[in-house]
Amino acid sequence: MKSGDVISVYSDIKGKCKKGAKEFDGTKVFLGNGISELSRKEIFSGLPELKGIGIRMTEPVYLSPSFDSVLPSYLFLQNLPSALVTHVLNPQPGEKILDLCAAPGGKTTHIAALMHDQGEVIALDKIFNKVEKIKQNALLLGLNSIRAFCFDGTKAVKLGMVEDTEGGPPFLPETFDRILLDAPCSGMGQRPNMACTWTLKEVTSYQPLQRRLFTVAVQLLKPGGVLVYSTCTITLAENEEQVSWALTTFPCLQLQPQEPQIGGEGMKGAGLSLEQLKQLQRFDPSAVPLQDTDIDSLRGATTEDMMQLANKDCIGFFIAKFIKCKSA
């Protein structure tokens, strides 16, 4: 393969293709054709430092255009459930909002935009480079209400006598009007993901972390405040089981209906009532395949029909909304 050659691109589904292999008969999916920007020798002699475009796709199977860097000071791309979760939080101008696990800042900037940049949005993440990305996105979009800190969310509650942090973490209990906990999760709702290398130990490791973060969020929320919990995964353990645990552990919390309600109801199996399951939103595109959809039949579709269709064509996602009725 030389620079300028026309190349067919496949994805190795099971991750079995060895680096540098000239032939591969394993399970693969055709993604399209493109033109090589580099020779085979340049690609493999430059690993692992080599970065950039190896194949410039000219005939992709999936024709969706790239909106990356299109109107960057006006737009921040998000999938449907990620944009929806901020509307469910429903931040109001003048409020103090916490985005507990904020990177890369899509939901953070959306919160500030919905508040008309009036109030205070605190964004936390424990990885420095990701916090810098939040700051860059806020600056790019001209949002002045966002303050981002590199800090471990599990330690965000101020205990005892702690030095003044000038408005930064840790925070006193019952500081925030609304809190978004878009929790670290197994990410099993994300797509496309052609090859999966997760182990059972990795998938099950998230539930305890989510509960530690949730406990912090409850402590930091004012009475009467709103807490929204979300994940981009589809497991019962990280979603409905967490809701059931939260309602049992924190009697001060009440599950709330969500607006707008676009996703399907919650999954059975975690001990929640049918009424409680209806108050949750679960996006599960695998439930109803789209292959047989007749586009012409959508011309007279109602808004509700289009919303249901959108639910079938997005990532897997979960949203739960709580209100804190009294002090914990």
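Keep in mind that glycine also has a Cβ here, set from the backbone N, Cα and C atoms.
Source: prediction; values computed, not measured.
As annotated by TrEMBL, domain 'SAM-dependent MTase RsmB/NOP-type' applies to 1-325. Marked as S-adenosyl-L-methionine binding site by TrEMBL: C101, A102, A103, P104, G105, G106, K107, D125, D152, D182. The active site, nucleophile annotation in TrEMBL covers C232.
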Any idea what the Cα distance is from K107 (S-adenosyl-L-methionine binding site) over to C232 (active site, nucleophile), rounded to a whole Å?
13
Surrounding CB atoms that lie within 10 Å of the CB of C232 (active site, nucleophile), all protein chains:
23
What is the interatomic distance between the Cα atoms of G105 (S-adenosyl-L-methionine binding site) and C232 (active site, nucleophile), given in whole Å?
15
Using Cα coordinates, what distance in whole Å links C101 (S-adenosyl-L-methionine binding site) and C232 (active site, nucleophile)?
13
In whole Å, note down how far the CA of C232 (active site, nucleophile) lies from the CA of A103 (S-adenosyl-L-methionine binding site).
14
Compute the C-alpha separation of D152 (S-adenosyl-L-methionine binding site) from the residue listed as 'active site, nucleophile', stating it in Å without decimals.
20
